[in-house]
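Features as listed in Swiss-Prot:
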- H64, H93: heme b binding site (BINDING)
- 3-147: domain 'Globin' (DOMAIN)
- V2: N-acetylvaline (MOD_RES)
- K60: N6-acetyllysine (MOD_RES)
- K83: N6-acetyllysine (MOD_RES)
Amino acid sequence: MVNLSGDEKNAVHGLWSKVKVDEVGGEALGRLLVVYPWTRRFFESFGDLSTADAVMNNPKVKAHGSKVLNSFGDGLSHLDNLKGTYAKLSELHCDKLHVDPENFRLLGNVLVVVLARHFGKEFTPDLQAAYQKVVAGVANALAHRYH
């Protein structure tokens, strides 16, 4: 559950309606893989991830980033039940993929950076604070199976 005021919810949803999921998702996942290179081990089947340029231009990274961001968008519609919304993804990432749950927090923070880059002054400190609450809630929900 994410506790947002009515104004925060409106602001989060308002900005999200402008997000180009394919573009932002690919960039967010790509930046995660570049900034935190140990995360690449989960994506070895994606081909060349040897350089920042290779990662950022990799079509499989872009496609998976889009998939991840679509899932994030689904969560925005269920802020009062994120654990239920992400229960199956939490199980997959914990039991089958063995992803360190810290990576969910890292990706959330990278997403906030990418949103700030794309939206500039429109991404105000108050909006950032609201998105930080959301990405923390999503990361917590995805890590739920680990507890």
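Using N, Cα and C of the backbone, Cβ positions are placed for all residues, glycine too.
The structure, with features from Swiss-Prot marked on it.
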residue: V2; record: N-acetylvaline; contacts (Cβ under 8 Å, 6+ apart): L79, D80, L82, K133, V134, A136, G137
residue: K60; record: N6-acetyllysine; contacts (Cβ under 8 Å, 6+ apart): F43, S45, F46, G47
residue: H64; record: heme b binding site; contacts (Cβ under 8 Å, 6+ apart): L29, F43, F46
residue: K83; record: N6-acetyllysine; contacts (Cβ under 8 Å, 6+ apart): M1, S90, N140, A141, H144
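As a whole-number mean, the pLDDT of the domain 'Globin' (3-147) in this prediction is 90.
Across the domain 'Globin' (3-147), DSSP classifies residues as 115 helix, 0 strand, 30 coil.
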